[in-house]
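Peer 1: Questions regarding the structure given below will be posed in turn.
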Amino acid sequence: MASQLTDAFARKFYYLRLSITDVCNFRCTYCLPDGYKPSGVTNKGFLTVDEIRRVTRAFASLGTEKVRLTGGEPSLRRDFTDIIAAVRENDAIRQIAVTTNGYRLERDVANWRDAGLTGINVSVDSLDARQFHAITGQDKFNQVMAGIDAAFEAGFEKVKVNTVLMRDVNHHQLDTFLNWIQHRPIQLRFIELMETGEGIELFRKHHISGQVLRNELLRRGWIHQLRQRSDGPAQVFCHPDYAGEIGLIMPYEKDFCATCNRLRVSSIGKLHLCLFGEGGVNLRDLLEDDTQQQALEARISAALREKKQTHFLHQNNTGITQNLSYIGG
């Protein structure tokens, strides 16, 4: 195996977020309020199963232990189960997760688990069906809830739920969410609304710091847990009276980037060193053939020398990210 991916600031990278499409069938207000609009990439332009097999093999060789499949909505790909199986071929990758809007969970989650999926994140921004419809543009709340139940029935011991925290939308609904997870092994993750190129006005109107929730959780006796090396950026809290957990993702907090352990590859094969960075490093020309793996690993390793110490969100610099469907949030 090649040496562990490490950047100039001694951060080690165990976690790959791999976007497999930027297409989504939801119209979430904070991401794609006007719906998906193709950006010159046809469905045939997204990474193929063989290309995904090659890129994840290279990352596995470079020490990656966890791969998260993102989008867009990953399950819109008809070959999604084959993609999971292709990633599963790498013994070094211990965790394969997906972030999904959940609309196909009930139908397909058992097949995904059989193919090798080990973790699920479902986006649920409200537990009120009408508000869910207003946020997502889809009247599928009950379908998504049934999908979460189906995930437990398929054998997943825990389901993570992502909730984008928005002032005057859901920030005051903590008790409703806590009641929901009291007897369910759900890790509910509140994600601070992040500014993107297309979402400046929404950010100014609805952003609220996750510190407000953290202070309230600590006041109620919730306990901050230690992170594992392949965990994502959430600060996780538990409570003896709850089966579920609470996670807080606060990208505007001081030193948020100090524990960065993840890299991103877009659905068209570009390596992105930061969600809010510029440009990206093209990998696709080295995904054509199995004989290119050594060169692929070398390019990935070399690119890390350019990773910045921190994002520049505090300076309102959102980089290339116009919306979160582009490289998977």
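Every residue gets a Cβ built from N, Cα and C, even glycine.
Keep in mind the model is a prediction, meaning the values are calculated, not measured.
The feature GTP binding site is assigned by Swiss-Prot to ARG17, ARG68, THR99, LYS160, ARG262, LEU263, ARG264. Residues or ranges marked as [4Fe-4S] cluster 1 binding site by Swiss-Prot: CYS24, CYS28, CYS31. Residues annotated as [4Fe-4S] cluster 2 binding site in Swiss-Prot: CYS257, CYS260, CYS274. Feature annotation from Swiss-Prot assigns domain 'Radical SAM core' to 8-234; the stated evidence is sequence analysis.
Locate each feature and note its surroundings.
Peer 2: On its own chain, ARG262 (GTP binding site) has PHE13, TYR14, TYR15, LEU16, ARG17, GLY232, PRO233 as residues at least 6 apart in sequence with a Cβ closer than 8 Å to its own Cβ.
For CYS24 ([4Fe-4S] cluster 1 binding site), the Cβ neighbour count at a 10 Å cut-off comes to 21, with all displayed protein chains included.
Mapped onto three states, the DSSP output places CYS274 ([4Fe-4S] cluster 2 binding site) in coil.
Predicted-model confidence for the domain 'Radical SAM core' (8-234) is 94, expressed as mean pLDDT.
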Peer 1: Between CYS257 ([4Fe-4S] cluster 2 binding site) and LEU263 (GTP binding site), how many Å separate their Cα atoms?
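Peer 2: Given the Cα positions, CYS257 ([4Fe-4S] cluster 2 binding site) is 12 Å from LEU263 (GTP binding site).
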Peer 1: Around LYS160 (GTP binding site), how many other C-beta atoms are within 10 angstroms of its C-beta?
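Peer 2: There are 19 such Cβ atoms around LYS160 (GTP binding site).
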Peer 1: Which one of the binding-site residues (CYS257, LEU263) has its C-beta surrounded by the most other C-beta atoms within 10 angstroms?
Peer 2: LEU263
Peer 1: List the Cα distance (Å, whole number) between CYS31 ([4Fe-4S] cluster 1 binding site) and LEU263 (GTP binding site).
Peer 2: 21
Peer 1: I'd like to confirm something. Which of the binding-site residues, CYS24, CYS28, CYS260, CYS274, has a Cα closest to the Cα of THR99 (GTP binding site)?
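Peer 2: Among CYS24, CYS28, CYS260, CYS274, CYS24.
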Peer 1: State the three-class DSSP label for THR99 (GTP binding site), counting H, G and I as helix, E and B as strand, and everything else as coil.
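Peer 2: The three-state answer is strand.
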Peer 1: Can you tell me how far the Cα of LYS160 (GTP binding site) sits from the Cα of CYS28 ([4Fe-4S] cluster 1 binding site), in Å?
Peer 2: 19
